[in-house]
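J.: Pulled from TrEMBL, these are the listed features:
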DOMAIN    B:66-110  domain 'NADH-Ubiquinone oxidoreductase (complex I) chain 5 N-terminal'
TRANSMEM  B:72-95  transmembrane segment
TRANSMEM  B:107-125  transmembrane segment
DOMAIN    B:126-415  domain 'NADH:quinone oxidoreductase/Mrp antiporter transmembrane'
TRANSMEM  B:162-185  transmembrane segment
TRANSMEM  B:205-230  transmembrane segment
TRANSMEM  B:408-429  transmembrane segment
TRANSMEM  B:498-522  transmembrane segment
TRANSMEM  B:568-589  transmembrane segment
DOMAIN    B:610-674  domain 'MrpA C-terminal/MbhD'
TRANSMEM  B:625-645  transmembrane segment
DOMAIN    B:684-764  domain 'MrpA C-terminal/MbhE'
TRANSMEM  B:690-707  transmembrane segment
TRANSMEM  B:750-772  transmembrane segment
TRANSMEM  B:793-814  transmembrane segment
TRANSMEM  B:895-919  transmembrane segment
Amino acid sequence: MEFLVASAVGLLTAAGIYLVLRRRTFPVILGTSLLSYAVNVFLFASGRLASNAPPILNKYADVAYSDPLPQALVLTAIVISFGMTAVVVMVALGAYLSARNDNINMDDTAPAQGEDA
Amino acid sequence: MSLFLIAALPFLGALFPALLIRAGRNASASSAGLATGLAFIGLMLHAPAILRGETVQVGLEWLPALGLHANFFLDGLGFLFATMILGIGLLIILYARFYLSREDPMGQFYTYLLLFQGAMVGIVLSDNILLLLIFWELTSLSSFLLIGYWKHLPEGRQGARMALTVTGMGGLAMIGGMLILGNIAGSYDISVILQNKDAIQSSDLYLPALILILIGAFTKSAQFPFHFWLPHAMAAPTPVSAYLHSATMVKAGLFLMARLWPVLAGTPEWFYIVATTGLITMVLGAVIALFKDDLKALLAFSTVSHLGLITMLLGMGTKLAAVVAVFHIINHATFKAALFMSAGIVDHEAHTRDIKRLGGLRHLMPVTFVIATLASLSMAGIPPLNGFLSKEMMLEEISHTSWMQSPLAMSILATIAAMFSAAYSFRYIAHVFLGPKRDDYPAKPHDPGFGMWASPALLVTLVVLIGLFSAKLVGPLVAASASAVIGGEKLPYYSLKLWHGVTPALYMSIIAIVGGLVLLALHRPLERVWNALPRPEAKVIFDAIVGAATRLMQGITAGLHDGSLTRYGAIMISFTAALSIYAFSTGLLGAPTRALQQAGALPIVAWLCLIVAAACIVLFHRRRFIALILIGIVGLIVSLSFNYLSAPDLALTQISVEVVTIILMLLALNFLPKDTPVETPVLTRMRDGVIAIIGGVGVGGLIYAMLLRDFAFPSISGFHVENSYKGGGGTNMVNVILVDFRGFDTFGEIIVLGIAALVIFALTEAVLSTRVRAYLLNRKPDIEQAGDSHPGMMVVVTRMMMPVALMVAAYIFFRGHNLPGGGFIAGLIAAIAVIMQYMASGFGWATERQRFPYHGIIGSGVLIAAATGIGAWFNGQPFLTSAFGYVHLPPLNEFEVATAALFDLGVFLAVVGAVLLALESLSRFAWQPGSASEHAMDINPARDDAEQDMKEA
């Protein structure tokens, strides 16, 4: 089980990094999404893995619980990464619509597009 | 008056001049004078105690963990400097009121001046070197503003930059030296450091600390080879020069040397570095000053020379020399401030400061003539003025000092310096005021009004009085501050009087004065020789160094930051990977302590799906739509894994966020190109692949290593498990952590989320207000559209699901405290319920039925959360302390009521508002006239005109 989670995190990271290094906005956004998954699972897994041990207190029996703290942190991280993705998507869209170009790198050779001539 | 208040008054006062300038220049100047005057009076209230040899201390712990205390203390030395800073400051404020012309923004001037004054007072009152360093840097910054006050003059701007660069760099060096000193002494409090002379001088780090601190002091006090900034700072208005270069800024370096004298002085290193530098500066400054034609440049180099003199005295390391140094600091401040002001008067009235164009002014400006003459003679060291006294004592002291076993070297050099000093002082009188009256002055010079000459006149009165009655007038002050300099030890015997008998110093004085007259007589031929000599021009060298540094940095910056985000990303990731590899290869990894868990068939299937999906995203990322669908699969598997691995809350959150994110990206993709072109060469892609694989292996390996080992330190999770029910009143620990234990974090999170949504809204507004709007309105979809944009089936289903979905949201919300759920998840579900309506029935239909603006929903959420938190105050508890109790309302079972639920309601509203505002903003791009159908459903049984439609159809 540990190997499955670790290899999945590694693969998501690798795929995320590769896409983040692309030159167009959309792949970069996909890349950051994949990196978010990887980071969230990483943080969650830092509480160690356990099945059938939800962090819900059982008043009647003494049972094992998975670590609630990383879960709480990751929960807000998921929501915040949505906020981040939304802002980045908006920036990318605004930039594309204004410049008709979704390249993320500045090109010094060509005059800036999208400005009123 | 408390030292806190004295130190704070100039800063408080700095607020007023800039504001009151609207009420007139007098109001502005008076407010500056009032603040300074109050601080001065406050200081004087301490005078009796200080002159008795006592010290006044106040302290406040600021950042005790760093050893930074807001400690102030006032001893003789601090008192002397504070008196000069505030006293001369007061005179400068008066002088500047009449000096500045109508075009100059006077409010700004006084504000800068008071800021500078406050920083200076802070330096001399600080009892903590970290605090002192803060004020030290403040003087550099505020003097920058003052020197560059005439922003329209290029010399002013260049001079200000040069002063800031030199003194700022010195300040940086000094920070290092001070920190070393503090570490040796074990405290950053000056009063403690001063007790640790032996520890400091025997430390191996004494020399580095000494050199670093001296760089700071030398740059500030314009000592060779850092002296060149001071003449360039003369581009400032004369009141600034008079203030900065007589009593304050340049004296800060001297103050520091005097302040640390008890622990740093007395070693051969100190003697040879400080005394030699001082001596060189003194001679060099005096010689250059003689050949300067600009009045202020002459005074600037004479200042450099006198600062060298004082530095040399401090460098000698004997107690008597320290007494003389203190005495000369007082004398120099009085005559030099007066001289600068008189130069300013000449400039103001004659419209030139060029000595070659002046002369014969004694008839036209008798008052100025008297002031300038007395001050000059004092500077030349003519009895019975105060400059004579301290110069005489200096020469006496020097005649007993040998340098590298040579008993005469210093005496000869000092006499030469004194000679040149006398010569330029005489020149100031002779070439400006004496001689025949000319008829080619640029303006008609005459004495200024009383307001302008009052300040220098007062100072010159002091020059005379101190000369005549030195022992009575300044004896106690000199004694108090000198004993502070030498660390409170017994003062050596000295006497402040005009006649010391026939001593070597007397001969040296006579040689200097006679020599000075000869030099003046020979000025013209000497000047020709001087001008023929090759001289290094400091400004050229400085500009060349700055230029080279700038080019180097531009090269590096342009190489690293060439506008390619891809490149930054690659550099950052590679660098992080390199650091991690280094850490891994040098760190320790213990043996695994946890057993591997067996994975069943289900996890392996999920894992395979994820691997395939992720690999396909990389392979097919150019086809954006497919990549988006694959991302959805990854998200789904991640949610399922959370569920499988005992994190039901995470699973619920992830899956609902997933829905929203995918819809958002779909909306965006509608406008973006649907495919990514191949741009990068294969080699680049392979390089990126290598970086990605290294990163992936590293992260995967790290988590794998972590998963096989137990916590290195006990985790704090146990606390949360134990107190979740007892303290938080809930059995769902994750939710209790979110709304209770870490409620403040959550509060911050919802604010961030709200801000993100508002940013999206604002960006939409901004983009849609440009010509993009026209483009969007006329845009033809680039992919084939569905024939029916609002399929009837979908409309019916979504509308039926709306109440159900909201009910689910409510259910998830209410059970959140005890079972998986809560505000975040419920908010996402409710948002999805609304989004479904947008999707099925169209933007126009949904917007029409929306009653509350989403901004308001976000705001109310944040406010409810805040109000819940504040509620705790009324129970005398800290912010966000939760309370809970049990209520029994028949016929319901007993149920729990917790304030945390109210907080969670805030979270719920903020999430709903933020998600919907983000998506709604993005959807507005798609709006086109006519796209909102009047009726969402083409066939609507409830519609009045349904039958008619049917007939038409």
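Note that Cβ sites are derived from N, Cα and C of the backbone, with glycine treated the same way.
Describe the structural context of these features.
T.: Secondary structure counts, DSSP: the domain 'NADH-Ubiquinone oxidoreductase (complex I) chain 5 N-terminal' (B:66-110) has 30 helix, 5 strand, 10 coil.
Beyond the transmembrane segment (B:107-125), the same-chain residues lying 6 or more positions past its ends with a Cβ under 8 Å from any Cβ of the stretch are 3, 6-11, 13-15, 17-21, 28-29, 31-32, 35-36, 39, 72-74, 77-78, 81-82, 85-86, 89, 92-93, 96, 100, 131-132, 134-136, 138-139, 141-143, 145-146, 149, 237, 239-240, 243-244, 248-249, 252, 255-256.
Same-chain residues lying 6 or more positions outside the transmembrane segment (B:162-185) and placing a CB less than 8 Å from one of its CB atoms are 67, 129-130, 132-133, 136-137, 139-141, 143-144, 147, 192-193, 195-196, 199-200, 203, 205-206, 208-220, 226, 228-230, 232-233, 256, 260, 263, 539, 542, 546.
A Cβ distance under 8 Å defines the sequence-distant neighbours of the transmembrane segment (B:498-522), meaning residues of its chain 6+ beyond its ends; these are 290, 380-384, 388-389, 391-393, 395-396, 399, 411, 414-415, 418-423, 425-427, 430, 467-468, 470.
Note on the transmembrane segment (B:568-589): residues 560-561, 687-688, 691, 694-695, 698, 702, 705 of its chain, located 6 or more positions outside it, place their CB under 8 angstroms from a CB of the stretch.
Broken down with DSSP, the domain 'MrpA C-terminal/MbhD' (B:610-674) shows 53 helix, 1 strand, 11 coil.
Long-range contacts of the transmembrane segment (B:625-645) within the same chain: residues 602-603, 606, 609-610, 613-614, 616-617, 651-652, 654-655, 657-658, 661-662, 665-666, 669, 674, each at least 6 residues beyond the stretch ends and with a Cβ under 8 Å from a Cβ of the stretch.
If one looks beyond the transmembrane segment (B:690-707) by at least 6 residues along the same chain, the residues whose Cβ comes under 8 Å of a Cβ in the stretch are 570, 573-574, 576-577, 580-581, 584, 589, 594.
Through the fold, the transmembrane segment (B:895-919) approaches residues 660, 663-664, 667, 728-730, 735-736, 738-740, 743, 746, 750-751, 753-754, 756-758, 760-761, 813-814, 816-818, 822-824, 826-828, 830-831, 834-835, 838, 854-866, 868-869, 871-872, 880, 882-889 of its own chain, all at least 6 residues removed from its boundaries and within a Cβ separation under 8 Å.
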J.: So what's near the transmembrane segment (B:750-772) in sequence-distant terms, Cβ-Cβ under 8 Å and 6+ beyond its ends?
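T.: For the transmembrane segment (B:750-772), the nonlocal Cβ contacts are 854-855, 858-859, 861-862, 865, 906-907, 910-911, 913-915, 917-918, 921-922, 924-925.
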J.: For the domain 'MrpA C-terminal/MbhE' (B:684-764), provide the mean pLDDT of the predicted model.
T.: 90
J.: Using DSSP, tally how many residues of the domain 'MrpA C-terminal/MbhE' (B:684-764) sit in helix, strand and coil.
T.: 67 helix, 1 strand, 13 coil
